[in-house]
Each structure stands twice: as C-alpha cells, then as structure tokens.
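As recorded in TrEMBL, the features of this protein are as follows:
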COMPBIAS  267-284  compositional bias 'Basic and acidic residues'
COMPBIAS  291-300  compositional bias 'Basic and acidic residues'
DOMAIN    1-87  domain 'PPIase FKBP-type'
REGION    267-300  region 'Disordered'
REPEAT    187-220  repeat 'TPR'
C-alpha cells in the first residue's frame, strides 16, 4: 500500500489505504515506475519506507495522468510505502530437474509474448532467466540433456534477435557464438551473427558466416538476400577505400614536389703509394682535378 505525492504536496495516487485495494504487481516486469519497483524488491514483510524518487526513476520527461492528479514532466515524487506481503520466486537451486525445465519453458514463452508485443528489453531478460534455470549440465540426466540443449539454443537465438532489435550487436554476436559452440552450422545463428557483423562493419566475418549458412542450407531465401546486401556493402566499402587511397597518394605526390635541400658531400681519395702515383703520371697525359661525388639527402 502507498500514498504518492508531488514535492508541492499534491497527492496523485493512493493504493491500499482508507479501505482501498492494495497494489499487486510482479517486480522487474515494468508494471510500476522503476523507483517503486526497485524499492519493493528490497523490502521485508510489514516494512514501511518513505521514498524520494527522481524523474529518472519516476515518470521521466512525460506527462503522467494518475488516479488523483496529473504528474507534470520531470517531477520528483514522494512515496510512503508499506510492504503488506510478497511471494518470492524460487531460485533455480531450489527446484528439481523437471521443475527447472518447466520453469525455463515458461520463461521462454513469456519472452516470446513480450517479443511479439515489441518489448525487446523485457523479452531478452526473460530468455536470460530461462537459461539460468538450465545452466548446469552436470545436474541433468541424459534423457533431460536434449530438452535443456533445445531450450538453451532457442533462448540464445531469441535473445540474439532481441539484441539486434535493440542495436546491441556485440551482444547478438556473443549469443549466436554460444549456439555455434553446440551446433557449428546452425543456420539461424550464422544468419543473425552475420547481420550483427555487418552492422559492426566486419564484412569479412559476415561473409564467412553467410558461406557456412549456405553450405548448410543452399536454398535459404533470407540468407541469400543477406548475401546480396553484403555484396552491396562490399562494393561501397571498396569505393570508399579506393577514394581514401586516391586522396592519400595525391597528398603524397603534392608533398614530393616540395624543394629538397641538398647536402654537398666530398669523399676524400685514399692516399696513393709513390709507385702508384708514378704510374698514374706515366699514363695520364694531362693532370685532372678529382671529381666531386654529390648525395642528395632528404631534409624534410
């Protein structure tokens, strides 16, 4: 139960007071504002608390029409809360194997519903929780291993789809890689990881995944369309590279036209023996001046 008001004292909502119906909700499901959600998750039965909630954890920068008043944008809120009772969800280690498999399947289905509704953030959390229930291989019997493997792969693939929708491309790559550790030619995992690689401009890795996917399913229409898109990206990338190198060489050519300072270097001749000098005097009709050897040194 709670009473909620604005900083100026305007009460905008009451739940479970003066004979009213208490509020029941599931934490971490975005059914209430984040500030109330987080506080409720830490409270004990019968505990009372006075919460001050900033706009970030309240209604944000939008107008919120509540039961008793309108909450203006970017409002600080105050909640006087009492935790009447709660039911705590069982942790994975509190369940037997069959209960874990059933709980994982339920979380996966909840995630699927959220995904269809376009709530990709919450759907991804559901898939993560589903995997948590079936994360320990050694605790399951052989006949259960097939079920948990299928659940994990399905949840990782669905989670990767959520990550792509949320532009979390590295998250999608990691989830697809987990699937490929189990099934190296899983077409969906290769397809979604290739999509993520393309978004991160890793066209080489994307091409490798697409080739593997087509090896496993040569007629897959979606993979072929992605391959066509990849080729377009490669053409555009090659054009950008060509332009970059053209500009680079142009700058280098322009730089090479700058005047070059020359350093005059004289190389001294080695001393000659008297016999060699005498022989030279006999062979050379006219005396000559030793030639100069010049070396240009780049001073730029």
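All positions are counted from 1 along the displayed chain.
Glycine residues also receive a Cβ, built from the backbone N, Cα and C atoms like all the rest.
Any TrEMBL annotation is an automated prediction that lacks curation.
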Reduced to three DSSP states, the domain 'PPIase FKBP-type' (1-87) has 12 helix, 26 strand, 49 coil
For the repeat 'TPR' (187-220), what does DSSP give as the number of helix, strand and coil residues? 27 helix, 0 strand, 7 coil
